[in-house]
Amino acid sequence: MNNIPVVLILFGGSGDLAHRKLYPALYNLYHKNLIHDHFGVIATARRPWSHDYLRQQVTQAVFENNDDVDEQEVKEFASHFYYQSHDVTHVDHYIALKDLASELDEKYQAQGNRIFYMAMAPRFFGTIATHIHDQNLTGSGFNRLVVEKPFGRDLKSAEELNKEIRASFDEDSIYRIDHYLGKEMVQNIMPLRMTNPIVKNIWNNNFVQNVQVTLAESLGVGTRGGYYETSGALRDMVQNHIFQIITLLAMPEPENLTADAIHKAKQDLLASLQIPGLDDIKKHFARGQYCAGATTPAYLEEDQVDPNSTVETFAAGQVKFNAGPLAGVPIYFRTGKEMKEKISRIDIVLKHMNNLYGTAHSNNISIIIDPTSEIYFTINGKKISTDGLRREILDYTFSKQEMGQVPDGYERLLHDVFVADSTNFTHWAELKRYWEFVDAVEDGWRKLDGEGDKPESYAPMAFGPKSANDIFDNPKEHWIYR
Ligand code: NAD
């Protein structure tokens, strides 16, 4: 679909996300002619910028992100941007915003279509949604709302936020962004599972021993200590990215590839999610805090961090479902900061098979999401010229050229918003289940805090605390990526 008419109102137009991701993504959509003559963008933030200054910033953001751009085209693109200095807590600014939106609607013949994008600190989401409603900022065409993460900090606050948003937007018009769902290899999970007999036929609890999801970061919290103190690894990474990946891995095959069918498959699976009790949390979960490295501070010494904080910078645990192809199969996850390397990967570990050769290793299917795009199978083969088995790897790695063709997650997801495809966004029913799980683990950890059981400290440049190796159902299981 070409040239979708729309006025986009961006809250947080001077922020990091807008500069690094959203302006370059919008430019790519403009370059591909998805948005062209009939679009205008109003960027709002507190700083007293002019329209011209915003356009300079937008131009700079595009050049920083793209080696090969046509200067004239960027100039035309930037001319569609308007700035409004705006404190989102002040009601009078919404009146000015409404007037400017109507003006642009007419100027660009945008047919009353509006997209509202909340790219600001989450504490403002509810306030903005309420003002959009009270000041009647929605247009006469379609109205869509894009919300960044985190969506609440527990189920209760997420429910309150959802209520505030639902006053102006239907569930179908709310796009809760999880940028992991825009990643190439995350989008590759369904085709890998569903189009290859070699994979499809073993993707069940007869063959899969366990699944391991690792989202590791090599840096500490840096300047974001204040935010992290209100979050921790479980809320920051598990409630959204890790759970969405797990859902794609464990859901039954949808009836077809429509957004509705895919969300239904996810929700059918999530209805069978086992919510862990305190015993499960003690046995199958681990949490840690990084200590100082040779040149890096400990979490407890970071700026804006309480020196007695029990907030975890590493979380590992187990997820199980009662339904779906992987019913009963343990799905392990781990995520943390100051780890050995920055890597996002999934490892599917298959059960050992009785065989004529005695001991054989497991077969594994590994999907590397970042920093490369790669799928490899680990299988057994004969040692060259002697008896015995050795491990072989069948590898499909994207070439440099293919990597260059992969669109950024934000470009893909923004495109989906323009064409009203909600497949790769988080539905409220999914989010609710994720929070129920995370709240149960948080409650368990608060009880353990009360018993003096605190996060275990771990050295940087490893894969978290020792206790992360003790969460498995079976003592023979272990993290296969170490
Ligand atoms: P940021 O701090 O860089 O930008 C925040 C923006 O909000 C700025 O434009 C600021 O001027 C504006 N702002 C703050 N208070 C305001 C007020 N009272 N009235 C009007 N404007 C105000 O934040 P960011 O890194 O761009 O993150 C924005 C959102 O995107 C957050 O929800 C974050 O979790 C999410 N996010 C960011 C990234 C990223 O890479 N930066 C990645 C994923 C998700």
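Quick reminder: no glycine exception, Cβ is built from N, Cα and C everywhere.
These figures come from a predicted structure and were not determined experimentally.
Each residue in the domain 'Glucose-6-phosphate dehydrogenase NAD-binding' (9-188) has a pLDDT score, and their mean in this model is 95. According to TrEMBL, the domain 'Glucose-6-phosphate dehydrogenase NAD-binding' annotation covers 9-188.
The number of other Cβ atoms within 10 Å of the Cβ belonging to Asp87 (NADP(+) binding site), over all protein chains shown, comes to 12. Annotation comment: TrEMBL describes Arg46, Asp87, Val88, Lys149 as NADP(+) binding site.
The substrate binding site feature in TrEMBL is assigned to His179, Lys183, Glu217, Asp236, Lys337, Lys342. Glu217 (substrate binding site) carries neither a helix nor a strand DSSP state and counts as coil.
Residues annotated as domain 'Glucose-6-phosphate dehydrogenase C-terminal' in TrEMBL: 190-479.
For His241 (active site, proton acceptor), the same-chain residues 6+ apart in sequence whose C-beta sits under 8 angstroms from its C-beta are Asp178, Tyr180, Leu215. DSSP assigns His241 (active site, proton acceptor) to a helical segment in the three-state reduction. According to TrEMBL, the active site, proton acceptor annotation covers His241.
Candidates Arg46, Asp87, Val88, Lys149 (binding-site residues) were compared with Lys183 (substrate binding site); none lies inside 10 Å Cα-Cα. For ligand 1, the recorded positions lying close by, meaning a CB under 6 A from one of its atoms, are Arg46, Asp87, Val88; the full candidate list was Arg46, Asp87, Val88, Asp236, His241, Lys337. Summary: among the binding-site residues (Lys149, His179, Lys183, Lys337, Lys342), the fewest other C-beta atoms within 10 A of the C-beta are counted at Lys342. Taking the binding-site residues Glu217, Asp236 in turn, the residue surrounded by the fewest other Cβ atoms inside 10 Å of its Cβ turns out to be Glu217. Around the Cβ of Arg46 (NADP(+) binding site), a 10 Å sphere holds 11 further Cβ atoms from the protein chains shown. The substrate site in the record is lined by His179, Lys183, Glu217, Asp236, Lys337, Lys342, and its two most distant CA atoms lie 21 Å apart.
If you take the C-beta of Val88 (NADP(+) binding site) and look for same-chain residues 6 or more apart in sequence within under 8 angstroms, you find Phe11, Thr44, Met120, Phe124, Thr127, Ile128, His131. Between His179 (substrate binding site) and Arg46 (NADP(+) binding site), the C-alpha separation comes to 26 Å.
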